[in-house]
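> Got a structure here, written out as structure tokens. Questions coming.
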């Protein structure tokens, strides 16, 4: 990157000093950055894990590419060394784990049996309720049918009695007409 490009970039980004201060190795010993019109201090911001490359410069602005280098593990202790080594479980620990697993299995089995018993009881209650409702329906249907049959019987008997009464009245009327006719015939003779 050229000095002119870096200088123009510093004018565009006033927060670059804050950005650079995050990567400084020893920020307390560095003096604060003072911007001067024609000079840029390239040593002020030392960034070891980053590289800035100018890609394009035109009248509308500039473009840069920031390449982050992979972190180095120099001076970092090994990860595996800090972990305590697993010891082999003793026979007693294995036995305790097996007993705990057996207890869990028995508990789960008991819970399952309890759940199934509750479900079976609920099904039994539902069936009993359905049987009671069916019996009540049958009883009500029989009562309604008996009432209907009784009503039909009473209506039929009343209808027959009315017909019989009308027939008797007709017979009576016919008898009266016959008697009147006979009386007229006897009177005319």
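Note: Cβ is positioned from N, Cα and C throughout, glycine not excepted.
Feature annotation from Swiss-Prot assigns coiled coil to 90-188. Swiss-Prot lists 48-189 with the feature domain 'SLD'. For 20, 22, the entry in Swiss-Prot reads S-palmitoyl cysteine, with the evidence type similarity to another entry. Annotation comment: Swiss-Prot describes 90 as phosphoserine, evidence class similarity to another entry. Sequence annotations record features per position, and here Swiss-Prot assigns region 'Disordered' to 168-189.
Each of the listed features needs to be described in terms of its position in the shown structure.
Mean pLDDT across the coiled coil (90-188) comes to 96 in this model.
Its Cβ taken as reference, residue 90 (phosphoserine) is surrounded by 9 other Cβ atoms within 10 Å in the chains shown.
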